[in-house]
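Trainee: Sharing a structure, written as structure tokens. Questions coming.
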Amino acid sequence: MDHFLYRNGVLHAEDVNLTEIAAEVGTPAYVYSTATLERHFRLFDEALDGMPHLVCYAMKAASNQAILKTLAQLGAGMDVVSGGEYARAKAAGVPGERIVFAGVGKTREEIAQALAGGVRQFNVESEPELALISEVARGLGLTAPVTIRVNPDVDAKTHAKISTGKSENKFGVPISRARDVYAEAARLPGIEVVGIDVHIGSQLTELAPFEGAFTKVAELTEQLRADGHRIDRLDLGGGLGIPYQNTNEKPPLPFDYGALIRRTVGHLGCEIEIEPGRLIAGNAGILLARVIYVKEGEGRRFLILDAAMNDLIRPAMYDAWHDIVPVAEPEPGAERAVYDIVGPVCESGDTFAKSREMPELAAGDLVAFRSAGAYGAVMASEYNTRPLVPEVLVKGDHHAVIRERPTFDEMISRDTIPQWLRED
Ligand code: LLP
């Protein structure tokens, strides 16, 4: 459920009319609902009620500081994957002890940055990384709290590009070698082992793969404890999917996911961390766009929008489906038409939907891409020298621009011309 509903014939974000946002900010633009963000965070928080836990929002999904602050004020931690995300989380007021640092390629600088600023733990993905963290921590006179991310070799049954828990993926250490890696960690002077980490993929629409992974983590916890390691914390990653299509697709709810966690690892007495991104932000955001032209092609009609693949890459990159709805509520029985929905970028991959049946639209009409809050704005680029898409946050009947659209001058002034090309 979300807070984007038709009211008086117009799609609203909470109590704000989207045509008004389009008039003020222009299109394309992302619009987020505070109530939806808060609701989704609370669903996870409540699903783990009774177990010591921390919900660490995977900020890669949507990382505007206003979104981070909204969640941090409810008690969220953050899952960060780069020095940039770490700096953003800190700038949004998240304390170091609520930040977990993930990623297969942490650099010396990023490790030092997080140790100096405070970090709840590093989720370590390899032996060389473990050695480097130990070295950097020693250099600073500190000990680094770590979990080791294990790769359980479980099929997440999701899109290949976002599946991470199979042995062929670059993530984590093979679970079969985990005991050796923990033994190595225990020998390193700058390392303090605090737990185990696992994350098998994103947009999971069934619980079974989670169950497979968490069961393996529970077994490993007991083995590692028997080996003398302190395993107090289990970071179970993110990955719970959302319904993208207005169909019968019904991914499991956070409540069911929480019950699974309780059943598989609840008896171990560990503190539980989870890292949901998409389920918190996905349905909390839409991409607002305007029809530029309706073009008659050979045997097809193109709806050419002012949003393009550079603003929302998911359809081009993962063949993802996003519902695209008119902002003006169609009258009952309104004409329908079949469109290929495309953007203005100069490649055929700039296609949002093929042969999509929807209410008939005309040039100038506004549309909203639903479920675009996660992996939308954060994956946007300036391809074709199109300005980075702006972001707006709504709360009740208030709204605020939380990231401005850059001007052409701002964009092009970042280039510098070397001396040998200057003509002055
Ligand atoms: N934790 C780790 C270690 C991750 O790698 C990810 C996502 C998450 C948590 C959050 O997963 P979520 O709850 O959002 O599924 N750009 C792709 C998704 C990439 C996901 C990458 N890792 C997309 O648009 O579908």
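Heads up, the Cβ atoms here are built off N, Cα and C, so glycines get one too.
Below, the features straight out of TrEMBL:
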DOMAIN    30-373  domain 'Orn/DAP/Arg decarboxylase 2 C-terminal'
DOMAIN    35-281  domain 'Orn/DAP/Arg decarboxylase 2 N-terminal'
MOD_RES   Lys60  N6-(pyridoxal phosphate)lysine
BINDING   Gly239, Glu275, Pro276, Gly277, Arg278, Tyr375  pyridoxal 5'-phosphate binding site
BINDING   Arg278, Arg314, Tyr318, Glu347, Tyr375  substrate binding site
ACT_SITE  Cys346  active site, proton donor
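I'm curious about the neighbourhood of these features; can you describe it?
Mentor: Neighbour list (Lys60 (N6-(pyridoxal phosphate)lysine), Cβ cut-off 8 Å, at least 6 residues apart, same chain): Asp79, Val81, Glu85, Gly277, Tyr375, Val378. When secondary structure is read from DSSP and collapsed to three states, Lys60 (N6-(pyridoxal phosphate)lysine) falls in the helix class.
There are 28 other Cβ atoms within 10 Å of the Cβ belonging to Pro276 (pyridoxal 5'-phosphate binding site).
Listed in sequence order, the residues of the same chain lying 6 or more apart from Arg314 (substrate binding site) and placing their CB within less than 8 Å of its CB are Ala320, His322, Ala372, Tyr375, Gly376, Met379. Classification of Arg314 (substrate binding site) by DSSP places it within a helix.
In the three-state DSSP scheme, Cys346 (active site, proton donor) is classed as coil. Taking the Cβ of Cys346 (active site, proton donor) as centre and 10 Å as the limit, one finds 9 other Cβ atoms among all the protein chains shown.
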Trainee: For pyridoxal 5'-phosphate, what surrounds Gly239, Glu275, Pro276, Gly277, Arg278, Tyr375 with a Cβ no more than 8 Å from their Cβ centroid?
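Mentor: Neighbours found: Ala58, Lys60, Ala61, Ser202, Gly238, Leu240, Leu279, Ile280, Ala281, Ala374.
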Trainee: Please list residues from the chain of Tyr318 (substrate binding site) whose Cβ is under 8 angstroms from its Cβ, counting only those at least six apart in sequence.
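Mentor: Result: His159, Lys161, Ile162.
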Trainee: Taking ligand 1 as the reference and 6 angstroms as the Cβ limit (strictly under), which recorded positions among Arg278, Cys346, Glu347 are close?
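Mentor: Those recorded positions that pass the cut-off, since their Cβ is under 6 Å from ligand 1, are Arg278.
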Trainee: Here are the binding-site residues: Gly239, Gly277. Which has the lowest count of other Cβ atoms within 10 Å?
Mentor: Gly277
Trainee: If you count other Cβ atoms within 10 Å of each one's Cβ, which of the binding-site residues Glu275, Glu347 has the most?
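Mentor: Counting every other Cβ within 10 Å of each candidate, the maximum falls on Glu275.
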Trainee: Can you tell me how far the Cα of Glu275 (pyridoxal 5'-phosphate binding site) sits from the Cα of Cys346 (active site, proton donor), in Å?
Mentor: 36
Trainee: Would you measure the largest Cα separation among Gly239, Glu275, Pro276, Gly277, Arg278, Tyr375 for the pyridoxal 5'-phosphate site and round it to whole Å?
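Mentor: The two farthest binding residues have Cα atoms 15 Å apart.
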